[in-house]
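One structure below.
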């Protein structure tokens, strides 16, 4: 379907109507935020860590290359900025609303899944020894040889949240969604062989991958944690994107489903109006004959 500019369908003219139509979706987003907060507050499962298991958990405890506060900037703010730029170019409130809604769902659903698994699995991080024994002196149960941590409670708690990587899953959820969004907008799969378009689409995924690599380099995660986080984030991003947009390889992949539904409704209204006018003319002709 050819692209048609919708100059009248802006935030000011139709924003409230579109948002109200999806009010239940926004309420679900609020519920996901509450669930995410709860999952971060509760205590994760403290998996058994024997004395002989600490051989692989003695990596140094160090700061994050990418701090926690930077993850929302990478996963949410950056894609949000790109979506807003496209809105100012096209002035399509349907695209703006559905892209933002899809992005937020992608990140929040990923966050809930990630933290739920973290709390349930309780896998120790590679630097767990130094979290558990900051003075370097290990203390173990006489019978089971399980660790008896002397470190700060919050530090030890965080040490049981290795799998999967939250940095990685969030990054792939947000930037994966952005990659799909750009794929549709610049028509990467139009079969014209423009590899430059493909490079643009791969760039967000590369950034997400580098975030994952930094988690292994910082000894905050095992490689399996990063791989699992990437799979979760990218899978959720794909499902959330397809909920609002056609696949990027579709000829209509440049616009949201709501855009094409609006066009169909507009055509039906025009046809109904034309039919009513034709009927009115026929009635007038009949009356004049009489």
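Note that Cβ sites are derived from N, Cα and C of the backbone, with glycine treated the same way.
Per Swiss-Prot, N-linked glycosylation site is recorded for 142. Cβ neighbour count for residue 142 (N-linked glycosylation site): 6 (other Cβ atoms within 10 Å of its Cβ, all protein chains included).
Annotation comment: Swiss-Prot describes 26-46 (among others) as transmembrane segment.
Annotation comment: Swiss-Prot describes 69-89 (among others) as transmembrane segment.
Taken from Swiss-Prot, the feature transmembrane segment covers 93-113 (among others), and the record attributes it to sequence analysis.
The transmembrane segment feature in Swiss-Prot is assigned to 162-182 (among others).
Taken from Swiss-Prot, the feature transmembrane segment applies to 193-213 (among others), supported by sequence analysis. For the transmembrane segment (193-213), the list of distant contacts is 66, 71, 74, 79, 165, 167-168, 171-172, 174-176, 178-179, 182-183, 186-187, 226, 229-230, 233: same-chain residues at least six beyond its ends, Cβ to Cβ under 8 Å.
For 226-246 (among others), the entry in Swiss-Prot reads transmembrane segment, with the evidence type sequence analysis.
In summary, the transmembrane segment (226-246) lies against the transmembrane segment (93-113): three or more C-beta pairs, each 6 or more positions apart in sequence, are under 8 Å. Within the chain carrying the transmembrane segment (162-182), a Cβ under 8 angstroms from the stretch's Cβ atoms is held by residues 64, 66, 68, 71-72, 74-76, 78-79, 82-83, 99, 102-103, 106-107, 109-111, 113-115, 117-118, 121, 123-126, 188, 200-202, 204-205, 207-208, 211-212, 214-215, 220-222, 224-226, 228-230, 232-234, 236-238, 240-241, 245, 248, all 6 or more beyond its ends.
Residues 19, 101, 104-105, 108-109, 111-112, 115-116, 118-122, 157, 160-161 of the same chain lie 6 or more positions beyond the ends of the transmembrane segment (26-46) yet place their CB under 8 Å from a CB of it.
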